[in-house]
Amino acid sequence: MSNPSRPKKRVYPTAQYVAPSSPSMPFQGGAFSGQTMQSQVSGSASPYMAPSGQFTQPMNASDAQNQPQFMTPAQQQLKQQISQATTSMNDMHLHNVPVIDPNAYYQPNNGNNIQPTGENKPSLTPGRPTNNLYPVDILTELPPKINDLNLLPPPILLEPEISTKFSESVYASPDYIRSTLNAVPQSNALLKKSKLPFALIIKPFKHLHDMNAPLPCNEDEFVIRCRRCRGYLNPFVKILQVESKWRCNFCGCINGFPDGSEHFQLPNLYNRNELTYSSMDFLPSSSYSQQVKEEPPAVYTFVIDVSINTIKNGYLFSVANALVNSLDLIPNHDNKTLISLICADSSLHYFSVPLDTEDGPKESSMFDISDLDEPFLPTSNSLLVSLSQCRNNLEHLLLKIPEIFKSTTIQSFALGPALQNASELVKDKGGKVIVCSSTLPNMGIGKLNPRDERGISNTSKESKDLLSCQDAFYRSFTVECNKLQITIDLFIASGNYMDIATLSNLSKYTGGQTHFYPQFLGSVAADFTKFSKEFSRHLSMDLSFRTVMRPRCSIGLRIEDSYGHLFNRSTDLCSFPAMPRDQSYVVELSIEDKLTADYCYAQIAFLYSTGTGKRKIRVLTLALPTTTILHNVFASADQLAIATYFARIATEKVMKNSFDHARSFLNTSLEEILINYRKEIVVENNAGGVTLRFSTNLKMLPLLVHMLLKNIAFRKGVIPSDLRAIALNNMESLPLKYLIKNAYPTVYSLHDIPDEAGLPDENGVIVMPPPMNDTISSFEKYGLYLINTPNELILWVGGNAIPELVSDVFGLQDVFQVPNGKNELPELPESEFNQRLRSIIENIRANDDEQITYQTLYIVRGNSQNEPANSSQNKEIVPLRNWAVSFLVEDNVVGCESYREFLQNLKTRLNK
């Protein structure tokens, strides 16, 4: 007997909710009546085409507890990899696959290595655990199995003897650090033979707020480091018990422990965090960092454009309103955070904010400075004020600023002088400068001119003429900012040309970020909501001030370069005046000498100041096995990390060379890997025709490269340079999880979601429907689909959707009543299906406290034979449909070949 309380799977045409004949929430002017959201159909201006794709939470080995012995995360990952590979081989009708016990990999000297199927098999060193290589013909797996994008990387196989206290905590979490290669060639020749890149993907902080999942922290002020290489004590050092010393795993130097401390006497020594956790924090003594005598407070300086453009598009009001609502969210743990406001048009406007009193708000004094040639502060008092002591008066001032400038006719914006004066104001303290603008800087130092894109876009000159830095000020000023410990963030909202390519240099080289809102209108509720939520999330994010990043590696390895929004002081030292929580970095490695040991190591250390003024150290240590066998290198390669590395290098190629160089790099890199795999690994058997064979753990790499080539950052076509520039900006800063989402959007079929989808599980987490392939061929004309991109959510309503579906979702009777463009789903309490869809959308927008992005929802109705011929929406909806299907990246869209065509052409090139 069925349980009546269990929700039924949605099967149409049976309706769950019947709209009244006169809908209680009718659409008026394209918007839901009674809601603040306004619909904006994208007709004359295309929506912002942000990067796309998704990387969901990785699967866990659910039956780990049933294993006969303890399984580390690496063992669980290995079990998962084997299960996936076995499934792939079953699909390929391979036979005689041995039964595998993952625990056998961790039994010393068992010699139990799995025989690869169908490839060359060299003799392996007995006793050394290895990932085994499983072949797959990519052409037989079409459409691609996109769930493979959710898999963890091949496990890092470590023997217990490697660690002083072996446990699962010695494995570096891929949330913080992961390598493109989880088995490192022992020689540079072997690395070159593989054609695989060797790099680390670093995300120093997992969440926007440090209170979420903090790392273990040592608070006893002991920071133990190697006296030769300065590496930090970690789980992989060798403890010399007789001498109470330790051998550094990076350089081999023997070091002592502090004398007279019981913390470093046996058995207490083995309980220390340094020997237990590969990722951890330290609170050093005040004398540890001698460069900083007294940590200054956190400082936030806002430079706000008050020219006529910000009045017309409602951005000034939006900024003031969002800042008022965020005053209590700005980190102010020690009540020392300082705030300053500078407004700019053709002059600079300073505000002296008085202290709060019990008598109510007091008026602030405004000082107007028209001399833009030299930095000049009108007064030394009350320009930089305490957030705690002036909070009410700051709110009062912010609410008045739109009124003060509402009648302006000034079209100028002196950004350069405003930045110079802001740096002068905070030169002794550093901090963040946040610029909010709708106008191209057109006055004073840093003046920019519109660039003529006609005849240049989509040519060999595009990168040099449209995406280069137009004025040297935007590079030279960042050098000064790094000296003064100032980070610059940009929030740009405009329908006009803004030269994002030039302005983004300010954030790129100071550790900040550029946020762009094209076609912004504050009167459109979706635009207002998106900016307000992202601005508030950005301001509430914890920060690490005065940060330096120092990567280290074993003897024989070399740090080549670092990529991301950072300032490179040297190849192995990067600085960030204020390190955010929502970016990642790539550190490229090389092999300069033969690696003779069984393992090599990398360590990334961050020295920074917290928001409370304390110095802190975060250390991430990664141990990797070495190998002399090319099979092991391929079998242990991380396809998602490789794709992230490719994206960073391709971005560099665009900026330093051209788009053709970037596209050639992506294509050639993939081809060389496949050629060498075929040459060195594959046993050719062409009886059944030419195949495109690859290792199972790398089979999604061609898809990812193809998606990068189709991304707005790299694809061919005439693309507005500001959209191109912001896409490149995101490519060089997005964390791996969101960069994969950038390349391959997640698509959900909603009209047939499982019973549990949209409802909380036993832990209160909303269950998501299974993803489907990004292809229009999977879309039913009567269906309902959600396309999840990094910046937007697109709800695709099939043009032949039946009335029951339309009623359940929108409370309407006819699919042609559904609005198109920016909107929100109405809340229909009587429709359980509507509530489940709203929960799915809210869950996606939460971003797991990892990104500030709030995705705008677009509703797009598919075409139908019953569509009214003379509908006024027809001309407006066609470009919206074309934009939506451009995210279905497996198809032949935006003038690019489909994934199937890409593979066929790739095979043809490889066989020449």
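From the backbone N, Cα and C atoms, a Cβ is placed for every residue, glycine too.
Here Swiss-Prot flags 1-83 (among others) as region 'Disordered'.
Under the heading compositional bias 'Basic residues', Swiss-Prot lists 1-11.
Positions annotated as compositional bias 'Polar residues' by Swiss-Prot: 33-45 (among others).
Annotated compositional bias 'Polar residues' per Swiss-Prot: 53-74 (among others), in sequence order.
Summarising the annotation, Swiss-Prot assigns region 'Disordered' to 102-129 (among others).
Look at Swiss-Prot and you will find 106-129 (among others) tagged as compositional bias 'Polar residues'.
Same-chain neighbours of the region 'Zinc finger-like' (226-251): 162-165, 169-170, 257, 264-266, 269-270, 272, 274-278, 552-555, 599, 601, 603, 605, 617, 619, 621, 623, counting only residues six or more beyond its ends whose CB sits under 8 Å from a CB of the stretch. Among the features that Swiss-Prot reports, region 'Zinc finger-like' is placed at 226-251.
According to Swiss-Prot, the Zn(2+) binding site annotation covers Cys226, Cys229, Cys248, Cys251, on the basis of similarity to another entry. Around Cys229 (Zn(2+) binding site), the same-chain residues at least 6 positions away in sequence with a Cβ under 8 Å from its Cβ are Cys248, Phe250, Cys251, Cys253, Arg552.
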Quiz item: When the number of other CB atoms within 10 A of each residue's CB is tallied over all shown chains, which of the binding-site residues Cys226, Cys248, Cys251 has the maximum?
Solution: Cys248
Quiz item: Looking only at the region 'Zinc finger-like' (226-251), what are its DSSP counts of helix, strand and coil residues?
Solution: 0 helix, 7 strand, 19 coil
Practice problem: Looking only at the region 'Zinc finger-like' (226-251), report the model's average pLDDT. | Solution: 91
Quiz item: Can you list, in sequence order, the residues of the same chain other than Cys226, Cys229, Cys248, Cys251 whose CB lies within 8 Å of the CB centroid of the Zn(2+) site?
Solution: Arg227, Arg228, Arg230, Gly231, Asn249, Phe250, Gly252, Cys253, Asn255
